[in-house]
Amino acid sequence: MDHISDPLPIDHLPFTESVHLPQNTPLINLSKNHINSTHSNNYPNNNNNNNNNAIRNTGIIFLSFFNFFFTKLLLPISILALSAYLRLHNLDKSDKVVWDEAHFAKFGSYYIKREFYSDVHPPFGKLFIAFTEYVSNFNGYDNFDSTDSFSFDSSATYPPNFNYKKIRILNSIFGILIPLVAYYTSISLNFKKRTTILISSMIIFENMFISLSKFILLDSTLLFFISTSFYCLVNLHNNLKIKLNNYSIKWLFLTGLSIGLACSVKWVGLFITLIIGLYIIMDLYQKYFFIFKSTNPVDSINLIKSTKSTKSTKSTKSTKSIKSTQPTKSMKSKKIIKYNKYSKYNKILYLKIWLLRILLLIVFPFLIYTFFFKIHFLILNKTGTGHSSMSTLFQINLKNSDIQNSSRFLTYGSKVTIRSQGLSPNLLHSHIQKYPLGSQQNQVTTYGYKDDNNDWIVQYPRSSNFGNLGNFDINSSTFLNSINISQSILINNNSYSNLNHLNLIKNGDLIRLSHERLNTNLHSHKIQSHVSKNNYEVSCYGNQKIGDQKDDWYIEIVEQLSPKPSYSPDISINNNNDNNNKDIYIHPISTNFRLKHKVLGCYLATTGYSYPIWGFQQGEVVCKKSFFANDKSTWWNIEDHSNELLKIDNDYKPPKPLFWRDFLLINFAMSSSNNALVPDEDKEDNIASKWWEWPILKSGIRMCSWSRNDYRYYLLGNVFNVWISSLNIIIFIIICINQVLKWQRQEIKFNLKLFYKFLIGGLIPFLCYIVNYLPFIIMGRVTYIHHYMPSLYFAIFITGFNLEFVFRKRNSKNFMNSITCSSDEKFKGKEQKTEKEKGNYNQNKQYNNQNLNRIEVEVDNEIDNEIDKINNKINKMEHRFENGNGNGNGNNVIISKNNKTKGNSIPIINIKRIIKNFEVKENLVYLFVLVSSVCIFYYLSPMCFGMKGNINNYYYLQLLPDWKITNKTNWREQYQKLLTSLVK
């Protein structure tokens, strides 16, 4: 065991030197030191060799420096500069509100004015837009001295104090960086430079990416963090070892950060999160297998990487001979002992692996997501356009809240509005429209805005003596006599004395809710609900005279929220019970209760679904069988309350809202709003498109008004990029099927290394494409072509992988060989390797096989593959030596045609081998794809940069597949025109 050296890695074999193998040198222990020492001590003319090596080393250093400069500096800077130019060019042409700037630029102004709003997307992207508007000195109004807010209507001209150019530039930063992220992702995937350049160029010249990067939108921000998530996943794969090193922790942290930010822009970021989660599950299973199940010490040692690497013994000082090393039984036993020692410690290590991934890939992204909602709530502290969809406690704590102070007790005859705390956290609502099916009675829904149709009167139940008296007038003598108390006492007395004689509503009381405007009753019956089919329908039916006991509801208190400690109400309830009984009474704002139907036993609830167009896409209200008091879909509270007979309590200080409850409510509200974005069959949406139209570019989006005097933009992808990437999706599926069939027939051998290379380079981008595309196929919401952006990004990577796979070279040669090799003619007739040397080589090979057979363990297939590669490389070096002149230099001896003296020569370049190494045929394919992408971009570029004047001047607009602008011919004819135009 005195002279053990590590096996020579394939990537470091000395391609530029020929090697003479000394006797008794095992192949598996062949090291570079062995080769260099053997070469220098067995052959003369070392001075000539040193001169040749100096020239060769100079060339290597120069090419290494050029490779570093080209890969690390020139290419990234060029990609970044070209991407910035295309995305900033003519960015300020249009001074009008373009497409969804009407939404997102307006949402940014709400942050500046601190007015609460509601939207279907998380707040991070809009917070960034607000930041860009803030640094551009926009105050949210028409002018610096104006108090009128700018409405951001579509195609409206921006006010003078809105620096739209600067704001657009700042928002385009993410779009500019996307090609650079794609470039580094390709490098991390170990793609060739030509593939890396092609992928980056296709993303740079993608018209859809350019158009969406020029305006104040969320799409480029979303795609940037999706791309960084994929980039982090690739690097996580490259650095994810069982040993918890700094690199793996770093990439786990960056991956969690990227998916947290992606999900905080739009929920589409959850799709890439799903893929990362599947990869982590697979990785954890693999680690579990190799830690707990593997019986192969070689596998375990290679994957665990936690044991110290085998120490290389010191090379002998003598340069005349090298002592060979034979694996002995003690060497084998050391590895087995290390493996067994590790297996005793495996549970703690595996637990650490789990905890680290849970913290950095689940907890950390979730904290990022909730952090932006916390910032969202802190900034928006004033009432605005969207506060009515939030909880009552949240609204009443906003500045300028429209919830007025009222009496702290509820009585029969009080007018109230009732808010749900379920999946549709809006106000209980009814209107004159009726259900088209079922009972065909008045619809009952939840509505997010305040109007008179939200008002309800609390009436006596049908089963009481006052149930059929009609609608109560709180000033009428009938009502005053029913409660046996005079109006003057209630209003004029400063205390609530004799309040026990008033019929205060408390826990378990039976009530009837009458709609004030329609004069109908909240009613339920055994008729199936309209959207969620497993519940009962809720409607408004009858009047004060007409009705039955199906109008009655029990009120059940589930939670009483305490007011602020500084609040001391002047209330005394005089009855025989103790003061704790005040918790049984219904209080506006702070009491959460459930309404149980008297006859059916079900609870008034929301489902989170929305009614179709006939229900104005408002929230569904049902009567639901609920067996758990914590079912928030059945929780309600009183928001507005008025009763002229009761004293208003102006000293009431409501409790602070609970962040986690508001956080859940706003996410449920976002989900409900997303579900409500369904196509309206009664209206023609000229910019909406179907999922099947995106891969073939059948339609685009007209992004602004189409006036002759305005700059016009049309969102359409690069035809070549989209078509070729869609074709490559099909090609990749064929490749996968072909590889599986070959593997079943044992025509190919998949080891772990090859599988993971195929997985991370092709299969994961394909899965990312599917999970970003499939939801828009199955969902019912309205869809547009820009929803295809993330899928198109991954389709371009699949295109690069397919080219790598098709043009792969199993035994690629080093580029340096083609530069420093000599002509084949100079080596014809030279000395061949002697039979004795060949015998030595074969003896070494047999000796090495004997050493391998002494190891009494199963060797992994990947180790076998690596040994075969090393032997193949040695065979190649042996072949080069056989074609040499016997002095040890082989094909790498540099001999001049004009000077036959050995050692006094200059390098001769083999042009044929250089052309072969340049892979001309393959590069022509890459060049064709790149040039086609650039040409199509240039042809369609006015769509991105803005058009003005007569539309007939832009012939390509007449070739649009959807033809929604001129509407003269069908799309098949337009494709033919497009192809004809490209040929011309």
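The backbone N, Cα and C atoms fix where each Cβ goes, glycine too.
Please treat TrEMBL annotations as automatic predictions, because they have not gone through curation.
Keep in mind it's a predicted model, so treat the numbers as computed, not measured.
Here's what TrEMBL has on this protein:
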TRANSMEM  60-86  transmembrane segment
TRANSMEM  169-191  transmembrane segment
TRANSMEM  212-231  transmembrane segment
TRANSMEM  251-281  transmembrane segment
TRANSMEM  348-372  transmembrane segment
DOMAIN    407-461  domain 'MIR'
DOMAIN    502-558  domain 'MIR'
DOMAIN    583-641  domain 'MIR'
TRANSMEM  713-737  transmembrane segment
TRANSMEM  758-778  transmembrane segment
TRANSMEM  790-807  transmembrane segment
TRANSMEM  923-940  transmembrane segment
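Sequence-distant neighbours of the transmembrane segment (212-231) (same chain, 6+ residues past either end, Cβ-Cβ under 8 Å): 87-88, 91, 98-101, 104-105, 108, 121, 125-126, 128-129, 132, 164, 167-168, 171-172, 174-178, 181-182, 184-185, 188, 254-255, 258-259, 261-262, 265-266, 268-269, 272-273, 276, 703, 715, 764-765, 768, 786, 789-790, 793-794, 944.
Long-range contacts of the transmembrane segment (758-778) within the same chain: residues 189-191, 230, 233-234, 237, 268, 271-272, 274-275, 278-279, 691, 729, 732, 735-736, 739, 787-788, 790-791, 794-795, 797-798, 801-802, 804-805, each at least 6 residues beyond the stretch ends and with a Cβ under 8 Å from a Cβ of the stretch. Same-chain residues lying 6 or more positions outside the transmembrane segment (713-737) and placing a CB less than 8 Å from one of its CB atoms are 94, 98-99, 202, 205-208, 211-212, 694-697, 700-704, 762-763, 766, 769, 785-786, 788, 792, 795-796, 798-799, 801-802, 805, 929, 932-933, 935-937, 940, 943-944, 946-947, 957, 960, 965, 978.
Note on the domain 'MIR' (583-641): DSSP counts are 8 helix, 28 strand, 23 coil. Counting residues 6+ beyond its ends, the transmembrane segment (790-807) has Cβ neighbours under 8 Å at 178, 182, 185-186, 189, 191-192, 195-196, 198-199, 202-203, 206, 208, 222-223, 226-227, 230, 268, 271-272, 694, 717, 721-722, 724-726, 728-729, 731-732, 735, 761-762, 765-766, 768-769, 772-773, 919, 922, 925-926, 929 in the same chain.
Across the range of the domain 'MIR' (407-461), the DSSP-based residue counts are 3 helix, 25 strand, 27 coil.
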